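Working notes, structure below.
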Amino acid sequence: MTLCARASKAFKVRLPPLPLSSSFHSPSLPATSPLSDTHYRDLIFSTIRTTPSAFRTRDWSSHRFRPVISDPDLFVRVLAQIRARPTVALRFFRWAEAQPEVKRSEFVFCVILEILAHHNMMRSAYWVMERVISVDMHHGIVDVLIDEYVFAKVSIKLLDLLLWVCANKLLVEQCLSIFDKMITNGLLPHVNNCNRLLRMLRDRNLASRAQEVYRRMGEAGIKPTIVTYNTMLDSFCKQGEVQQALHLVSEMQKVECFPNDVTYNVLINGLSKKGKLEQAEGLLQDMLKSGLRASAYTYNPLICGYCKRGLLAEALNLGEEMAARGAAPTVATYNSIMYGLCKWGRVTEARDWFTNMLKKRLSPDIVSYNTLIYGYCRLGDIWNAFLLFDELRRRALTPTVITYNTLMDGLCRLGEFEVAQQLKKEMVNQGIFPDVFTYTILVNGYCKAGNLSKARELFDEMLHNGLEPDRFAYNTRMVGELDLGDPSKAFNMQEEMLAKGLPPDLFTYNVFVDGVCKLGNLSEAYNMLQKMVHDGLVPDHVTYTSIIHAYLVSGRLRKAREVYDEMLSKDVHPSVVTYTVLIHAHASKGRLELAYMYFSEMQEKRVLPNVVTYNALINGLCKVMRMDQAYEFFTHMEEKGILPNKYTYTILINENCNIGNWKEALRLYKQMLDREIEPDFCTHSALFKQLDRDYKLHAVHCLESLILATEESS
DNA sequence: GATACTGGTA
């Protein structure tokens, strides 16, 4: 008799009565039994049948049942024999599982599972199923259950249970395979388990496989629930396919499944992430009209969307509306607002919100801390960032890979590469492994610092660690090669990306357009522009700005203006960078009337000038020695809350030195020091270039007093 | 059973 056949009997048919052999009824046998195997088995069965109490006791080892568990075949039969007493069977099974000599087979598991399922002891069955997975026998179990060794009803129950356990353990491949086998064999999994599977696929960005599962559910006749639809909608939204999501909404309504609050929340989230905030607000109105309650899940994505776009006022309005509707702000609401403030450099205000959150007795989570750390890092305030890093640990929060990455980015921006690398070591010591973000941050940092070899080394380390570079990682690396190294390497990498299913996106094209522009190959840049349009991508303000910039640096101002006009005609909105490069080039070539024109145009279009824009203007004015106007802009910018930086001061110091206005140059120099703006080599050479004239003596005195001061202190 | 917030590229 094969094992399968035996098991089949064990499940479906009562075992035939076993012969009562010999007079050994007592379970207390001598330690060494001279009996043969067959006799021994008979003995055990007879004991079970005639002395049930012997089996009921927990002390199976002393009752000589130990051999049962090292013989799966025997084990199956013993379990089948006591199938009417599930608690005893379970206890025996648990005891067996704890014994080192236990030998398992699919059938042992199937019998105990079948007994438990039959008696509706699903909690215990769950535990058994976990054992099944931990000893990697689930494939065998699935096959046994599907091959009709137990009644279909029980099979489905157990397979559903297995799906559930696998889903809880996030074993996506296992789930897919069980789902597949069940459907193929006409055993329909419960819709809840299908939903769990869909959720897992969504979480792993396997949207197309989710669609496949959804399709097969439909074909097999598993009726989707509102949860199925909501999960699918979220999966589409996560891929940015909001249109497909909206299509599914009409599909679900056709089968009389109507959107609920979660449906709306998912769609509002999807639209907000795409930046379609007006449409998202429209849905919010629809939702309220149909009598559904808006919650933090509804408002937070919208608030977050507005914050990311820099529309803080709108975000705060929504926050008030939300509170007025009785939806209390959550930690995530605060986190979104803090992020919005941090992104725009307003970390002090973000800190105030953090304090407010504490006052409202909401506990900041790791996201709150990551957000504030991000804010400080962006401002170059690594000190406060590290203070928060300490504080979060005192609150018993654990830093995540995001915490480390944010800090490392902050360090790289300050050129503190050694500390960044040290932090990378520390995170590994803490059991947190660098991810693609970590490496992209470091590669970017080293590229920006001009250290291409270190950048290459880290990129290779990432590959060596089995990490799959994404678009960001490739784009970053390609910028490095285009700017510092070997453009052909960059082109090869683009091929590599394509082969990996990463077709060039807007960023990739912009990287290359800018790269070939910098190499002076403007016609090639135009070719690329055509190619990207051919690929269905729309050149944006960055693409155009690169080309405009290239014409400007090559001195072809008229051609640059033509490209600018083309950009406007294509309805691409110029950015502050577009205007700034135009202003810079025209102002520094003495074409101030055009520079002014661009400056007023940008303000009409509500594109806010930044410190670089003002520097460009001040620079142009200084060059034609219109110092009074230069100073006017210097005052203007401060009034608008745009603080001059070291370039602003250097430009003004330089021109004051040129015209021999040494006192004014010194005053500016002092002011910049007072404002803790670090002068650089250019500032100093501007200051000292006239030294060989009147103020050489001053410098000598200065040096002497320095020497004296040193001698006194030593 | 389903939904929100944090890090890297031009």
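Here the Cβ of each residue, glycine as well, is placed from N, Cα and C on the backbone.
Residues or ranges marked as repeat 'PPR' in TrEMBL: A:225-259, A:260-294, A:295-329, A:330-364, A:365-399, A:400-434, A:435-469, A:505-539, A:540-574, A:575-609, A:610-644, A:645-679 (among others).
Across the repeat 'PPR' (A:575-609), DSSP assigns 26 helix, 0 strand, 9 coil. Each residue in the repeat 'PPR' (A:260-294) gets a DSSP state, and the totals come to 26 helix, 0 strand, 9 coil. Away from its own ends, the repeat 'PPR' (A:365-399) comes close to residues 331-332, 334-335, 338-339, 341-343, 345-347, 350-351, 354, 357, 406-407, 409-411, 413-414, 416, 427, 430, 432 of its chain (Cβ-Cβ under 8 Å, at least six residues beyond either end). Sorting each residue of the repeat 'PPR' (A:610-644) by its DSSP state yields 26 helix, 0 strand, 9 coil.
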